[in-house]
Amino acid sequence: MSQNPLWAARVCLPVVYIRFPQDCFYPPPQQISMFLSPPVDFLDCGRGAPVRMECNNPSDFRIEADGVVYAARSLQRSPQHALVLLVKAIDGTTQQQWTTQTRTLSLTPLREMAAKEGRFTGNTDLMEISFPSRRNSQLKRMKRDWVIPPINVPENSRGPFPQELVRIRSDHDKSRALRYSVTGPGADQPPTGIFIIDPISGELSVNKPLDREHISNFHLRAHAVDLNGNQVENPIDIVINVIDMNDNRPEFTHQIWNGTVPEGSKPGTFVMTVTSVDKDDPKTANGMLRYKILSQTPESPTSNMFTINNKTGGIITVAAGLDREKVPQYTLIIQATDMEGNPMYGLSNTATAVIRITDVNDNPPEFTAEMFSGEVRENRVNVIVANLTVTDKDQPNTPAWNAVYKITGGDSTGRFSVPTDPTTNEGLVTVVKPIDYETSRTFVLTVEAKNEVPLARGIHYPHLSTATVSIRVMDENESPYFEPNPKLIKLEEGLMPESALTIFTAQDPDRFMRQKITYSKLSDPANWLRIDPNTGRITTIATLDRESSYVKNNLYNATFMGLDDGKPPANGTGTLQIYLLDINDNAPKVFPQEAEICEKPEPNAINITAVDGDLNPNAGPFAFELAHRPFDVRRNWTITRISGDHAQVGLKIGFLESGIYEIPIIITDSGNLPMSNTSYLRVKVCQCDINGDCTDQQHIMAAGLGTGAIIAILLCIIILLILVLLFVVWMKRRDKERQAKQLLIDPEDDVRDNILKYDEEGGGEEDQDYDLSQLQQPDTLEPDAIKPVGIRRLDERPLHPEPQYPMRSAAPHPGDIGDFINEGLKAADNDPTGSGSTAGSLSSLNSSSSGGDQDYDYLNDWGPRFRKLADMYGGCDD
């Protein structure tokens, strides 16, 4: 029996109002289906204790905690007799009890009775119910000015409107006229105009249909004033509850629900939960939903493979036999119905549940044949020799379908593997190690196939999960190989050409083929070796030298090739390593070969090292000594041994002129047959600063001035001095030239013109063909007595006899011009820049010697310009 609210009343002792809306009884015409009315609500008159309600006819009616009365079964409607129901209210704390009696009448007698009592106005029935005094109650009635219970109004009422709800009255209306009004949302506040009140009678009416899903209750305030507008009663709150009606269908949150369940699941396995919502009051039957399965597709193996919890929507399996290989998916039509699933009065809606059966490994892989075969050429690696095919009824490309192959017999050396083709699920028999035809000609493998995941419980692998694979090996022409490879031999260096070293031959692995091997040389970096093409004998064609750049760590590597005459020919290579033993065949040398030392060592010595290409004991310790020739070597230098490999060279005298010297040093090694060698140490003796660093011309060159730049500077200085002298001579003889009948110099050869035409350093081209050494005076040469015998500076010019020039007679006193020239010559003599010049001092032209006695005819050999100078300066006075 559906739980339908029949009626309800709001009770407060001793006076109660109850209202029944029109059309209380719904069809079918012979049964009571439902009463829509305010609930039976017990007013405890301020006690606040919980109240439990019971009725005297629980087989036909039941009362919920909220006071709503439901019919427990179908009731016959009797238009002649009233249905009497006794309601009991029990205090949950003191167990005190109150009872009231209600009667239900058919619509017509109910309205007639209300009309007789004067409480029927229009379409509204107002009924007064009096509760008898409470038994065993010590409560006294509390005086109340207004007695207005909460009002329950059903939603979606069909009118007519306005429809009276309740009459509001005050005890003061007996003595004077009053005016009534209501305020609040629904009256004078938005939404306005829903409730109105008769200001004289106090009848409160609803003016339009209500929607509980929009507004479930209203809170109004009732006011009573006299004709002058004076308030005669305190405002009282009126609560109007909108009673729900079943005007909304259930709505599923999804129209299509997807779920999964493994195949072979036992009955009672949870699958999924579907849910729907109903906008009606969930506390009433209007919002109480019930679910059921309307259909199942396909109906295999039975039509009831699933069931649904009618309250929660949970779907579970109820039958065994789920098999993905037969039925991979089920489609269920689910229905949700309100009114607790009453098919006659409830509203329904449907959704689709798609249940996919997931795969489990309940089908093992099976080979399509018991025997497979293949062939492979020897020495081939990473080649597929056979394809093993299997069948598996499980879902493809899943762990329950993917096959894993394992060789269980016939491959003790591990030369094969069977990976799985991820696309076809085939087993690929692959060679992973070379196979020698001369050793094994056939293989018979036993291969087992399983899935990536274990089989489901109770399932066993059949006989066809194992197969036999027969593999035939085919012979090929294999490459010859050298043994051992590399081959190491030890020899002393210095072995002469055409010396036999060893025999280096290759072997042919093809024992069943008669083949000839020829030999050739592939790599011989120093071109020292030769191999006989037929016998493999290796001989030398040059002297073996351990100190060669091609020898690393005493090892010399040469590579040879052996080629057979098969079809096609095959070749192999071998390496011959020659370990060269050292002999004393290299003389020691001095290192470094160049050094610097100051003119005045204080002290200043040079550390040298002996280097030898040989190894111990053919190298150090070394013996050092100075050569006996030239004789001045031992007189000027000294050498002291510091250790077996090092010595120190120093000056034996207190001063040595700047220059470059070569010191011969004899170094002897410690070989069984010692070897000696005379090495030359190139020593630069230079002027040094206080820090012991050279400050001579070489450092100037290192600072950025090259040899050409220094020569150009010296030439400029010389030319400048010559020009000064020429100018002085020209001034002396200018007067004499004016009186001459014939010019000494042609106009085109005028000295002044030539001087003015110089436009480059060092003079013209014709002036560069002279020897500056001729300007050097004989008396400026260094005497041979002060120089060491047998050794000289490498930067000196070669000594040769200086030309002797005839002496001129003494010239007359030069006068003022002569004084000027003498001062210039003295300044030139004192010029520090002239020291060390290969040309000597320019002051030697006329300093400390009589210029008039000098014969300048040799200047004629220097070119036309110097010839004029010789005529002007070296000529006679006239």
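Here the Cβ of each residue, glycine as well, is placed from N, Cα and C on the backbone.
Those TrEMBL annotations? Automatic predictions, nothing curated.
Under the heading compositional bias 'Acidic residues', TrEMBL lists 761-770.
According to TrEMBL, the compositional bias 'Low complexity' annotation covers 833-852.
For the domain 'Cadherin' (145-252), residue counts in helix, strand and coil come to 4 helix, 45 strand, 59 coil, using DSSP. If you look up TrEMBL, you'll see 145-252 (among others) marked as domain 'Cadherin'.
Look at TrEMBL and you will find 253-367 (among others) tagged as domain 'Cadherin'.
Look at TrEMBL and you will find 368-482 (among others) tagged as domain 'Cadherin'. Confidence annotation: the domain 'Cadherin' (368-482) carries a mean pLDDT of 92 in the model.
What TrEMBL records for 483-590 (among others) is domain 'Cadherin'.
Marked as domain 'Cadherin' by TrEMBL: 589-695 (among others).
Taken from TrEMBL, the feature region 'Disordered' applies to 760-861.
The transmembrane segment annotation in TrEMBL covers 700-731.
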Quiz item: Could you count the residues of the domain 'Cadherin' (589-695) that DSSP puts in helix, in strand and in coil?
Solution: 5 helix, 53 strand, 49 coil
Practice problem: Count up the helix, strand and coil residues in the domain 'Cadherin' (253-367) according to DSSP, in that order. | Solution: 6 helix, 50 strand, 59 coil
